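> According to Swiss-Prot, the protein carries these features:
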- CYS24-CYS38: disulfide bond (DISULFID)
- CYS31-CYS43: disulfide bond (DISULFID)
- CYS37-CYS50: disulfide bond (DISULFID)
- 1-20: signal peptide (SIGNAL)
Amino acid sequence: MSKFILLVCILLLTTNIVSAASKCGRHGDSCVSSSDCCPGTWCHTYANRCQVRITEEELMKQREKILGRKGKDY
């Protein structure tokens, strides 16, 4: 009987951990303001979804990595 109660307690604990709500909205989650989103993301004004903010520096770094050349072509 004690093994059964222990198993039920572990099952309930696991269920609570899995179903616990996150404190901040991840990419694509609904939001009203940027404070609803996790750090590094912001709330898109029209879509009301958390969105990753990509800076020009990050974009150019990835472009250089993909194309193998620096600078803008335009």
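Keep in mind that glycine also has a Cβ here, set from the backbone N, Cα and C atoms.
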> Return the residues near CYS50 (disulfide bond), defined as same-chain residues 6+ apart in sequence whose C-beta is under 8 angstroms from its C-beta, sorted by sequence, else 'none'.
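CYS50 (disulfide bond) has long-range Cβ partners GLY25, ARG26, HIS27, GLY28, ASP29, CYS31, ASP36, CYS37, CYS38, THR41, TRP42, CYS43, HIS44.
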> Using DSSP and three states only, what is CYS37 (disulfide bond)?
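SS state of CYS37 (disulfide bond) = strand.
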> Indicate whether CYS31 (disulfide bond) is helix, strand or coil by DSSP.
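Reduced to three states, the DSSP call for CYS31 (disulfide bond) is coil.
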> Return the residues near CYS24 (disulfide bond), defined as same-chain residues 6+ apart in sequence whose C-beta is under 8 angstroms from its C-beta, sorted by sequence, else 'none'.
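Correct list: ASP36, CYS37, CYS38, PRO39.
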